Structures are given as C-alpha cells and as structure tokens.
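Database features, via Swiss-Prot:
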BINDING   His564, His568, Cys675, His679  Zn(2+) binding site
COMPBIAS  851-866  compositional bias 'Gly residues'
REGION    851-871  region 'Disordered'
Amino acid sequence: MTSTNDIRRSFLDHFAKEGHELVPSAPLVPHNDPTLMFVNAGMVPFKNVFTGLEKRPYSTATSSQKCVRAGGKHNDLDNVGYTARHHTFFEMLGNFSFGDYFKERAISLAWSLITGTWGIPADRLTVTVFHTDDEAFDLWKKIGMPDSRIIRIPTSDNFWSMGDTGPCGPCSEIFYDHGAHIPGGPPGSPDEDGDRFVEIWNLVFMQYEQVDKETRIDLPRPSIDTGMGLERIAAVLQGVHDNYDTDTFKALIAASGELTRTATNGDFKASHRVIADHLRASGFLVADGVLPANEGRGYVLRRIMRRAMRHAHLLGAAEPLMHRLVPSLVAEMGAAYPELVRAQPLIEETLKLEETRFRQTLANGLRLLDEATGAMKPGDVLPGAVAFKLYDTFGFPYDLTEDALRAQDLGVDRSGFDAAMAEQKAAARAAWKGSGEKASDEVWFDIAEEFGGTEFTGYVSEEGDGQLLAIVKDGQRVAEAKAGDEVVLVTNQTPFYGESGGQMGDAGRITGDDGLEIAVEDTAKPLGRVHAHRGTVVSGSVRTGDALHLVVDGDRRTRIRANHSATHLLHAALRNRLGSHVTQKGSLVAADRFRFDFSHPKALTPEDIAAIEAEVNRHIRENDEVTTRLMTPDAAIEAGAMALFGEKYGDEVRVLSMGKAGRDLGAKSYSVELCGGTHVSALGDIALFKIISESAVSSGVRRIEALTGEAARQWLTQRDEKLKEAAAALKTAPDDVPARIAVLVEERRKLERELAEAKKALALGGGSKAEAAGPEDVAGVKFLPQVVDGLDPKGLRGLVDDAKASLGSGVSVIVAVNDGRASVAAGVTADLVDRISAVDLVKAAVAALGGQGGGGRPDMAQGGGPDGDKAADAVAAVRDALAKVPA
C-alpha cells in the first residue's frame, strides 16, 4: 500500500522534475487576503501572483497546501464525520503556471502522473470540460480519452473566477470511477451526487480577465491553477472508497479507539471520525498561531474543538482526551510539517485546557438538552430559547447543539435562537454606561453587533492585511473618507493593539490602493472588543469593504513592549524587597516612560530604590525567555500568577512568565502575571531599567515612574552632563562633587549660625523702635515687651525663651519687623499657664498687625501680620489683653 506521505512526496517530485519550484505550504492564516478567514485552496498563497501584484523568481510551482474549510461559505463542519469525504482540514496538492505553459502541457502533466507514475487505469477515469471549451475537449481526445468519457458541463461548476472581476477561465475536472457496486452516476447525470464517481483533480485554465459584468477579455499570458485533494487521491491509491479508511485517518482513529476502549465502527463510527478530523484541524491551527477565542478565527477553532470534545464525551472519555492524541498526529504528519513538532507542547496544552474547561459545563448542558428533548419525537424542533441558553450559559455553539440532536432526528429553531441573541444584545446596550455620549455609544454598539469583535493578530506580527468594515467620522458612520478627514476605522483583523490593561494603543499607518495612506495616531477598544484605529487620511480615499494593509509603528511598539515587561519585573522586585502586601494598583505603559502604582504605606528609602533597580537590571542581563500560556483565570492564580488591578478576565487568560527565581535547573519563574498586553520575547530586549521618581498617590498607594532602554540611557547621559557642569562650577572633578558640596553646605550652616547669633545679639542690645527698660507690672504680672528689626521668625523663639528665663515668672512678647511685615512671639512661664495663654496674647497682637490667626501652645505661640508699622500697637494690644486676665 502507498502511504499518504509517499503520495504527497511523489506528487511534488513529479512536478519538481518537470521544472516546477517546490513551494512549502503557507500558514493557514492568509497574509495577503483579509477577506478569507483561512486558506481554503492551494492557489490562495499565489493569488497576487496570478493578478500581477506580486512577482516571484519562478514561473511554475508545485505545493501541498494546508487548508481549512470551517467558516463562511466554505463550511464543511456540519457534514464532517457523517460522509466519506468531508473534512475541516485537508491538503490540496497543486501545480501552477504563471504565464508559462497552458492547457496542453497541464493536461499532459496530469495524465502522466495519474496513469504513469501512479498507474491508475485510464478506463477508470472520466473528465469534464466547460461546454464551450473545444480546445480542452480536443486535447483530451488527443491524449487518448474516448468521447464517451469527455463530458461537456454547461454550469458554473466548470468555470472558475476569482471574484466579480479579475482572472477567470474554464475548468476541466478528472473523476475516478469506484465501480458499479457504489451508487451514483457520472458527472452531469441525474444521480451525479452519488459516491461512485469522485472528483480527484481540477485543472483551471485562467485565460480571461473579467473587466466588468458584461466584459470579458483574453489574458495576454494565460495561467494554470490545479487542485487535488490529497485525502481523496490517497483513498484511490490505497484501494478504499472512504477517506477515513486511509492510513493517516486509520492511525488517528485507532488511537482514539484504544484510549477510550471503544469500537471504531458501529455506533461510535461517526464520533471517532469527527475526533480524527478535528484533531488535525485543531493541531494545525494552533501550530499556525490560532488560539481558542470568542471572536474570529479563534472562535471557529473553539467550535471545532468543542465539537470533537462532545464526541469524546459520547465515547465515555472520563478525562480530557484530545491532547493525548497529539503524539499520534505528530507521528503521522510531523515529518511533512515540522511546525507540528515544534508546536506539539503548545497544541497539547491548548487542547487540554480547552477540554478541561469545557467538560465542566458540558455535562450540565447535556443534562439540560436531555430534559428539553425528553418528550420530543423525531422531526420535532428544539425551541431557540433553549439553544440560546446552551450557548450563553454552557458555551455550546449553535452548530454543536444541532450536531448533538442530529442522531435523534431533531431540529433547532434558528430564528428563535437569533431572537434570543438579539434580545440579550438589546439588554446589554440598555445597560451600557459608555462615554455618556449616546450617539457615539450607539455607533459602536451597531458596529459590534454587525461585525463582532476585531481579531487581534499583533502578538505574532506588526503588520498584516485587513478588510475595512466601518468608517466613523464625527461620531457617525460614513461610507467613504477622503484626504484630510479625521476618522476612526474598524477592520476585521488588525495587528494594532487597542489601549487596555494600562498599555497605550498602537500608532502606525494604513495603506491601500491608489495611493491611500492613513496616519494612525492611536488605537482604542470601544466595548472592549472592537479595535478602533483613530487617524487622518493623508492621501487618497477609502471606502468600506476596501482591502487595507496595516503597519504598526515598530519602534514605538518595541519601546512599549520593553516598558510593559519592565512593569512585571518591577512588580516582582517590589514584592521581594518590601513584602507580599505589595499589589499593583494601576499603571500607564507608554512608549517614552511608564508609571506603576502599588500598595505600600510609606516612602521607599534610597536603599530600597537602589536594591529594586539592581534586581530588575540583573534579570534583564540574564536575558531569560518570556513565555506565554493560555489558562483559566482560576488555574492561573492557583499557579501563582498575579492579576492586574481593575482588570476583568474572561474564561481564558494569557499568562506571562519571565525570569528565574534562581539559576538552578528547574527554578520557578521570577514573575508570573495575567496579562493581555504585548511583551518582549527575551528580557535582554529591555536593555536597561531606571527609576526616576517615587511619590505618594494617595493614602497607602505609592507611584514609581521609570524608563527603559534608550530613554533610560539618555536620562543617565543628561544626568552625567549636569554633574560635569556642576563640577566645573565648583572647580572640582565630577567624582569629588559630593565631598565639595558637603564642605560648602557645612560652611553655609556655620555662617548662618554666626549670622543668627549676631542678629540675636543686636536684638538683645536694643532695637530702633523700642527698647526694653525692664519688665512692666500689668495686673500683678511681670510683662517684658520688645520690638526688633531684621530678625526672621525662626529667631524669635530663642529670644522669648531667654526672656522667660530672665523673668522667672511673667510674660514676654517680641515683635520683629522685616521688609514691612511683622512677626510676633509670646511666651508665658510655667507658673502662669493655668491663667494666661500665649495663644490668646498672640492672636491679639496679630489682629493689631492686620493679620489673622496665630497659634501654638499655652506657654509659647507665634503669628504674624502684613503691617510692620503697627508693631507698637501689637505690644499695646497684648498689654491690654493681659490687663483683662482675671487675678
């Protein structure tokens, strides 16, 4: 028996020997066609070559292309497992000519491979041609096909087009006859839908260009595009009628049978087939960067996974099954597709996580389904409201409910399901607080309801293609925007990160046909799932539906990544240094800096800051890899991950691990956090970390502002320049600046002390406005007033204390006049404070000076006023207040 791997290799070798470039399979996510969810045909990676938009260094090519058909109009999901030839994932063998050879050589090459290399009997083959394609008919006759097995087909089945405009042309399909024991007739007959005649190869002759609906012209250089399903030709060459009986599928089905200890035929036949097919689709999609999600490609993958997981449940699997089948998949297909080998741990982990989480709700959902269908008869229809509850509460995609009821011959009310979905969206719209601008909020709800969320591709690439879904201008949707317009654009997919989790949104540019360029200034996420690109149309014009090329400002993103990863390292370092009470309270991650708010009751010491900086920079130097895993929030937190303050998490979270807690083999990660932001791939990419400020935000919350990379280097360079300038001014070397400053500070302190003593001596020696002639007697209390010039408020306290000491028992008041203002201090000896308050005396003086207030203790108080000319009045006011004190 010829293995599927041998068949693939022989096909590629056949065309390579004929001068064709051997082109590896492109990833399943198309990079040049934003209208496609997945690559679904072998020609997709060559689309721009056929249209002339891309030039390659070869004119003929051959490939085995990975394909997925599980969404949109190309959707085989519902039939998978129940027919002989439907698959979600399949391989398309093909040969292509870009203006090189045409019909005659294409037919000759196909014929020599099928009947020569592979030895398929010519009498088992039938071909079709487009009914007006006499050239193809004659070429098949020339090669030896009898007229009776060359069938003219007048329908679009035998005419291919890329779209409403562009390259197009007639097709010629090759069919294999499995024999009279299989029901069905030849193509074009009333019973052509039977399984006897199976199409194994389609040859497309691109010889025209569709200019518009009415005009079709000849292409100057006709091209060839062919496609052959590997699974179908493997069935033919292995002598079986059913694709699921070929070697690759048999191995996968045998593995699921062994692990579940169930028969692979009979009642469980469909379940084993679904699992085998969906395992292939899931494995290759994850290997090509698609992960389960609630939007876009990720949601299609989730539907595929959950459909397989329900069938695993039907087989009685008590534990997650799918991830245990991955080694069998890698064994069968890893040699041809090394990406499967490289991604095997990620594939296994993703499948296990998804199945573990889904199993938690699957049993409850199936119980609800059993209760709802218990009294139903074949042909009955499940109410749409029940199907929606299964979707909304238990995570059952609509098609999974359909599949679950298929064996019972029960239907589902799709219109009722859609009505329940619409009702929930209306309730969400009514509850939305939004920005407070009702019209603007309505626009984003409309866009989200019409298109769903934007698929974010920016974890793996900083540029990509997207289809323009909506244009918002001045808060309203418009169909077109021109140069100079300030707009917000929504595409079906984008590499631009939308502001969230403290990380600022991406900037960059968007380009398109006819010189279109849009400068993107920011990206936001209205409603949390739609990426809104805000910018200005620089040149050209743009309309909804246009294909666009989106390019993130790579330098800006690089700096943001470094800053974001640095916040994680800083968080861990703070907890290590200060204690586990430290938690993140907020952050701002920009391109030029970042700030990090955290819980801590007091300011950090210089030693704290130095130690934290050193620890973060040590991990940067160690340059450990940053890894990402998908987990449930509970599992992530149980594994030690820190959650971001104020963030809401869905059923699945990205867990970022970076650094090592120690250098021993097997050491735990230094930092583990839940985070949806973009990060460096290795810590060395941060380059340098520098704290530039630490301050209080509120009670119990501190803030650190910091720089990384080039910004940190420039900051340090500027500080170095300032140090050199200071050294020059001090006439010393930079290294000696601290010592020189210490000397100068001490000299200043000495001079200040000497000046204060001189002023005090002058004051005690008598002032210009009043002179102490000894204490007065006021109501039996000794009262010593003084008015002095040029003494600052700080010097008053010492004078008052000296006066109190000289009095033994009494009251001292000193008024100092400076630059037109006056300061006053009053002192009361300890034996009098129960009767006389220095505070009351000062308040009386301050009022006389034109001021307000004044305060202190009963034995010492100070205040001041703006009118220094009233110094004598202030003394008099104190004298009057003292005279009124009861004896």
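Glycine is treated like the rest: Cβ placed from N, Cα and C.
Just so you know, the Cβ of His564 (Zn(2+) binding site) picks up 26 other Cβ atoms within 10 Å once every protein chain is counted. Under DSSP, Cys675 (Zn(2+) binding site) is assigned to coil, being neither helix nor strand in the three-state scheme. Each residue in the region 'Disordered' (851-871) gets a DSSP state, and the totals come to 4 helix, 9 strand, 8 coil. Neighbour count (other Cβ atoms within 10 Å of the Cβ, all protein chains): 27 for His568 (Zn(2+) binding site). Residue density at Cys675 (Zn(2+) binding site): 25 other Cβ atoms are found within 10 A of its Cβ, drawing on all protein chains shown. There are 26 other Cβ atoms within 10 Å of the Cβ belonging to His679 (Zn(2+) binding site).
The Zn(2+) site, placed at the center of the C-beta atoms of His564, His568, Cys675, His679, has further neighbours from the same chain whose C-beta lies within 8 angstroms: Arg561, Ser565, Thr567, Val626, Leu656, Met658, Glu673, Gly677, Thr678.
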